[in-house]
Every structure is written in C-alpha cells, then in structure tokens.
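For reference, the structure is listed below as structure tokens.
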C-alpha cells in the first residue's frame, strides 16, 4: 500500500549552507511513541571545510562570493587531497616500519603528490604552520 501524502517528509536533511562551520555526523532514529505516531528524524550533520574556504576567500577577495555548487566542488577537492596525502604518508610510515605518521612523512608525501612549484609552496606553508604551532604550544 503506498504511503499517504501527509506522511511524506521533505528531503533537506543532507544539505548544508555554504558558510557554515564543520559539523559532526549523527545517526537519526525513528521511534514509535505511545500514541503510535512516528517521531521526526534528527538532521544528520555533515563535516565540511566550507567555513574555512569562505574565510580564505574573504582574505584574498573580500568583495567576492561563492555559490553552493562551487563550495561543494572545493570541499570535494580538499577531501581528495587530504585523503591522498594521508594514504601516501601511511605507506611511507609502513615502508620505514614506523607506527606513527610524523611531519616528515606528511612533507614527503606532499612532495610526491603535488607537482613542482605547488609542492614547494605547500611545504613552505606547512613548515611555517608547524613552527607557529610549536612556538605557541610552549
């Protein structure tokens, strides 16, 4: 028997606005209350880099905006690069029989994955960030 029109729920749970901070995923549950009615599912939260991408955009081009589609593409790009670097760093640690990924493995994996000048700039910015973190942690 097909569901009644009143029982349909809108499917906006998976969408996140472009300027929101990274969020955690939570599993939503439907449970039956004493009256026999179903409770609404809690919205699942999605982790994104949207707020960070937006902050960098405003530093570089303060008067420029970004569409949700472009934000989604950039978020996928960041996730892809992050996964590639992490996988390569994991392989390097395994080759050297180490159980810990250090900044050295990350740096080497960035040099292997990114081409030429882009790798040099990435290593430079990464070194600068690690130095800044180390000096503030003391």
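First residue shown is number 1, and so on along the chain.
Heads up, the Cβ atoms here are built off N, Cα and C, so glycines get one too.
Per Swiss-Prot, the feature compositional bias 'Low complexity' maps to 11-20.
Marked as SUMO cross-link by Swiss-Prot on the basis of similarity to another entry: 8 (among others).
According to Swiss-Prot, the SUMO cross-link annotation covers 9 (among others), on the basis of similarity to another entry.
As annotated by Swiss-Prot, SUMO cross-link applies to 24 (among others).
Feature annotation from Swiss-Prot assigns SUMO cross-link to 25 (among others).
The ubiquitin cross-link feature in Swiss-Prot is assigned to 132. Look at residue 132 (ubiquitin cross-link): DSSP puts it in a helix. The local packing around residue 132 (ubiquitin cross-link), expressed as other Cβ atoms within 10 Å of its Cβ over all shown chains, amounts to 10.
Residues annotated as N6-acetyllysine in Swiss-Prot, with similarity to another entry given as evidence: 8 (among others).
If you look up Swiss-Prot, you'll see 9 (among others) marked as N6-acetyllysine, on the strength of similarity to another entry.
Look at Swiss-Prot and you will find 15 (among others) tagged as N6-acetyllysine, backed by similarity to another entry.
Under the heading N6-acetyllysine, Swiss-Prot lists 24 (among others), citing similarity to another entry as support.
Sequence annotations record features per position, and here Swiss-Prot assigns region 'Disordered' to 1-47.
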